[in-house]
């Protein structure tokens, strides 16, 4: 962002104002079980609201920190700007280490308890940031470690369907297709980029995916339906490989019962092996900073699609740029979720329903327009696709801030 700001000719202070968050809330989140109170901590980063309300998911993970949450909030501002959604950027990060929790309560591992704990923490979160929710200053959504159930608990406290997106099916203001939207959007971005920008074919393309959570699993399914051959998948517990292509619908059923892709196929694979496979498309869809200076030179894929947020470090990106390896930036590739959230928010306000097909149509249009503009600027100015996408977003954020006298 700093590089793009300097290229735009902006003053140092203005660049810093665009980069830095406008507000940071530090939260103490106590929850009570079995007569004992466990305290965890979180933060809400409100990055920029020049283009609309602060928008961003609730991340619950053991390694969450304020710096990562700031980076993710900043990415949301860029994501909503490059796709021309009338939201700003924000993020909630809650640090929760289940090993510490089980030790504190002296209990054995229990998935039902983990879900209840997540729900109670989100309920406490909604109490503490209630005023930001009620006036639509900040609109949360699911992220790593949270899902529709957690959003329902937040909605229970506000009784306003527009205060949160990603709500479960059947409650007021829910949106058909919201759960699959990020994975669907990423699959469509991959298809458009391969077939219309590179002139290649997605059918039978060899794909490797890191991560099989909500994003990675739906992404794999849609790519499978589009005719791609997903040959390698890894998750937190292990990985699988099949040269002839993995049966994704069968894998879905397996993961429902086993909570991992591990041992679905006899041939296993590690993340390191996945990244060095001879692929047409490599898709990191799990966590950040997994492609770095140690492995970027070993990647053999023809293109990389950033389904995760910031999966490539600065040093890793420099190596990929030197190798002229195309990267579909995260702020476009995984924008399907926030595009759907825009529809969920507006439909919650109007109480007018929309079909899943219409939601997916809006996602396709937004992603295609953003991707085409990014590719045009990349070609004209001879810069990478991620830099071109950031440039589009920065111009729009700066313009909105200036018109609103924020700078």
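Every residue gets a Cβ built from N, Cα and C, even glycine.
If you look up TrEMBL, you'll see 91 marked as active site, proton donor. Contacts of residue 91 (active site, proton donor) defined by a Cβ separation under 8 A and a same-chain sequence distance of 6+ are given as 44, 45, 47, 56, 57, 59, 69, 70, 72, 73, 76, 143, in order along the sequence.
The feature substrate binding site is assigned by TrEMBL to 55, 79, 341. DSSP assigns residue 79 (substrate binding site) to a helical segment in the three-state reduction.
Residues or ranges marked as NAD(+) binding site in TrEMBL: 182, 214. Residue 214 (NAD(+) binding site) counts 21 other C-beta atoms within 10 Å of its own C-beta, drawing on all protein chains shown.
Counting every protein chain shown, the number of other Cβ atoms lying within 10 Å of the Cβ of residue 143 (site 'Important for catalysis') is 23. According to DSSP, residue 143 (site 'Important for catalysis') sits in a coil region rather than a helix or strand. The site 'Important for catalysis' annotation in TrEMBL covers 143.
A 10 Å cutoff on Cβ-Cβ distances gives residue 79 (substrate binding site) a total of 28 other Cβ atoms nearby, all chains included. Spacing of residue 341 (substrate binding site) relative to residue 182 (NAD(+) binding site) is 10 Å (Cα to Cα, whole number). The substrate-binding residues named in the record, 55, 79, 341, extend over a maximum Cα to Cα distance of 13 Å.
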